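Asks: As annotated in TrEMBL:
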type	residues	note
REGION	1-66	region 'Disordered'
COMPBIAS	40-64	compositional bias 'Acidic residues'
REPEAT	89-131	repeat 'WD'
REPEAT	132-173	repeat 'WD'
REPEAT	227-254	repeat 'WD'
REPEAT	258-299	repeat 'WD'
REPEAT	356-397	repeat 'WD'
REPEAT	398-436	repeat 'WD'
Amino acid sequence: MESESESGAAADTPPLETLSFHGDEEIIEVVELDPGPPDPADDLAQEMEDVDFEEEEEEEDGNEEGWVLEPQEGVVGSMEGPDDSEVTFALHTASVFCVSLDPKTNTLAVTGGEDDKAFVWRLSDGELLFECAGHKDSVTCAGFSHDSTLVATGDMSGLLKVWQVDTKEEVWSFEAGDLEWMEWHPRAPVLLAGTADGNTWMWKVPNGDCKTFQGPNCPATCGRVLPDGKRAVVGYEDGTIRIWDLKQGNPIHVLKGTEGHQGPLTCVATNQDGSLILTGSVDCQAKLVSATTGKVVGVFRPETVASQPNLGEGEESESNSVESLGFCSVMPLAAVGYLDGTLAIYDLSTQTLRHQCQHQSGIVQLLWEAGTAVVYTCSLDGIVRLWDARTGRLLTDYRGHTAEILDFALSKDASLVVTTSGDHKAKVFCVQRPDR
C-alpha cells in the first residue's frame, strides 16, 4: 500500500479539489482546509449553486406545537436526585439514542430515539420546531449539515431522511442497509454513512448523486471524514481500518492483521489538522495512526502504553472495551474512555499515560472542549463530568438524569451540554466554571 499512499499524499497540491459522483456530471467543489483560523464554510456556500443557503428566522413560524417543560417534572428511576439541568425535552417516549447541535448558531438540537422518532427543538426553552416523521425503526443517527440548513436522521433499518430546517420539509430520503453510523461532510452538503454490509455510502444532498466504498464483508462500524474533506477513515467489525480517497473511491491505506485491531472497531477520531487518527476497539487498544503514511505510530492499552503494535497482546476483553476517544486541540494529549469507567489521558509526544480518572460506571462518550485541556465525559450512571486533563482533577459534574446517558453534545463556546438518556429525556445543562 506504500505506493498508493505516496500518490494519495501528492494529491494535496491543488488549492481546489472536487468530489465526483455517479449519475449526472455534477460535481461538488470542496475548498481545501486551511490550517489557519478562517472557516471556509462561507466560501463554499457561495459556490454551491444547487442549495439555498439563505437563512430565515425560525421565529417567523408562530407554531406553538412544542412543549415547554419544567426540568424537575417527575420521572421515577433508580437515580433520583438533584436536577442541575436548565431545560428538559420530554417528547420522546423511549430511550433517546442520539443528539446533535446545529453548528452555525448552536441554538437548535436534533434528537432521535427508540420510539422511532426524531425531533428538532430549541435549546433555550425546549420548544419543538418540527418532527422528522416517517421512521419505522429506532433513530440512532441525527445531525445538521455544516451550514445548519439541512438536518439528517437515520434509523437502524437504514432509512435516511434529510429535512430543510427553515421550511421544515423533507427534501431527500434513501434506504441503505442496516445503519451503523452517519456523518455530514465538514464543508459541503454531502452525507456519508456506514452500513452492516460493509459499505460506506456518500450522497450529494438533495439531488442524491451517490458513490459507494466497498469494504470487507462485515459491518462498517465507525467512520469519520478527515478535516481536508478529501479522505475518510472507516473502521470495520473484522478489526481492519481503511482510509478512503473520497474523490477516486479507492482505499489509500488498509490496516489489517498486526496493524489493525483484534476485534471490532468501536470509535475513530482525528486531530485538528488531520495528520493523526486514533482508533478504538473492543480489544481494549487505542491505535495512533499517521494519516499520511497509514502506519501505526503508537498503541495505547489500559494502564500500559506501547510504542509499537504487539500481536501477542490485544486479546478481546470480556468486560472492557474502548468506547470513545479524542484529541486535545491545545496540547499533545489524547483521551480514551473505557467501558470499565476508566478515563485515560495519554501524552502523545512521549506516548505515556499521564492521568487515569476513574468513574463509578462505564464511559459512554467523551468530548474535548475546544481551545482548552478540559475533557467532558458522560457515563452509564447518568452523570456528566468535566476533567482537567493537565492535572487529572475532576472540575465539576452535572446530574439530573434517572438512567444512563446515551449521547451528548457540547456547544462551540462550551457554555451548554446537551444530553440524551435511557430515561426518555434530553437535557440542557449550563456549564459554569470559575476557572474560565
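In case you wondered, yes, glycine gets a Cβ from its N, Cα and C as well.
It should be emphasised that the depicted structure is a prediction, and the values quoted were computed from it without experimental measurement.
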Asks: Looking at the repeat 'WD' (398-436) and the repeat 'WD' (89-131), are there 3+ C-beta pairs under 8 A, with each pair at least 6 apart in sequence?
Replies: yes
Asks: Quick one: DSSP breakdown of the repeat 'WD' (356-397) into helix, strand and coil?
Replies: 0 helix, 25 strand, 17 coil
Asks: Could you tell me how many residues in the repeat 'WD' (227-254) are helical, how many are strand and how many are coil under DSSP?
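Replies: Final tally across the stretch: 0 helix, 15 strand, 13 coil.
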Asks: If you average the pLDDT over the repeat 'WD' (398-436), what number do you get?
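Replies: The answer is 93, the mean pLDDT of the model over that range.
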